[in-house]
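First up is the structure itself, then whatever we jot down about it.
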Amino acid sequence: MSQSMMDTPSPHPDLNRNRLPTLFEVLSRQTLAPVDLFSFYIYMRDQQRSVDYLDFWLDVSQHMSLCRHYVRELRRSVLIETPDMEKTGSKRSSYILDHLGEMNDPSGPSTNLNGDEKMRDQQLSAYLRTETGNGTNHSPHDSLGSQQSRLRGSGDRPSNGTDSQRPPRPSFMTNNSPFRTNSDSPAHTVAREDIRASAEKILYTFLLPGSEREIILPQGILTDITTSIEEEGRDDPEVFDAAKDYTFQAMERDAFPGFLRAKALGNLVPPSSFLRLCLGLLGMFGGFWAGFACILLDKPKHIRCFLIIPFTIGVYALSSQQYSIDPVLALAGLSEYTFMNWARIKEPYIRKLMNKRAIMVLLVTVLIGVCLIVLFIFVPGHRL
């Protein structure tokens, strides 16, 4: 998982939650497997086929974290960089920095923020806009952002995935942070140009028509973002608020219910379910074929007892496919995240829910299996 929170500690999971998690809790990394952010990313990539929306949301959250990290660095350095505030006129800047509040809150949709969190985000964006308008720069000129600005020179946009000068977009699954300042800079220092580069990267990667990983947003939102970044020169987090809220609501409406059904009520991915369907049909075919053969050949009951094997395999596999849960593996505390790759079920409420569902599926399997086995073992034979 990438360092998208810029070394900001993630919220601790709530182990006492006695309900299904919300999308915000998953995105804020307040949940455990199999309903954690890693599992949701895999689901969006492999099953929903819309991982670009999640990547956009994560990149915008990362942009917010980058801005917060930048402001925290300014808080530490403003007195050192401007020792004589009366002469340099930096008293107002220092006052704003001191009153921005705590910058460690998890970034979420604006609809989920309380009054204080909204106020802090608005103050952060207002400060960055003011800094941009005044031409203030507290950052080294050889940072990643300034290098990209020089590469773009005349303001040309990067081509769709073909610009060799643009650093490759980091994968969510890697451990490398995409924002690296010059090697001579102090560790974890964020340059002002890095914030600009982050905003432009989001625009060029997800939003512009024909971009590398274009997502579908209302035209009004796209126009506002493009105008704010390219014409007004803005790069504060507030630029992306409308798009972030729209993306969150789309994932919450279209993808998250299916994710909960797949991970909270089942422990199989579609390829495994299909494999069990094939195995179940094959087992049932073998059971019925052998059963009718035993009846028509008037085989004794101790021979017919071997029908337990194909019928048990067939009923178990078909029940697992029907309910998308392998009851034995669920009771063992395992959930599949990719084909034949298993992870421990760590979310307490999901573990209890999965155990109840696994027992129910086992009872259904035993009931149907016993009925079929009794029918074909005790029915009178008639040799043709």
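A Cβ is built for glycine as well, from the same backbone N, Cα and C atoms used for every other residue.
Among the features that TrEMBL reports, compositional bias 'Polar residues' is placed at 131-165, 172-186. As annotated by TrEMBL, region 'Disordered' applies to 131-188. Positions annotated as domain 'RGS' by TrEMBL: 172-269. Here TrEMBL flags 274-296, 303-319, 357-379 as transmembrane segment.
Sequence-distant contacts of the transmembrane segment (303-319) (same chain, at least 6 residues past either end, Cβ-Cβ under 8 Å): 276-277, 279-287, 290-291, 294, 327, 361, 364-365, 368-369, 372-373, 376-377. Across the domain 'RGS' (172-269), DSSP classifies residues as 57 helix, 0 strand, 41 coil. Long-range contacts of the transmembrane segment (274-296) within the same chain, counting only residues at least 6 positions beyond its ends with a Cβ under 8 Å from a Cβ of the stretch, are 268, 303-304, 306-307, 310-321, 326, 372, 375-376, 379-384.
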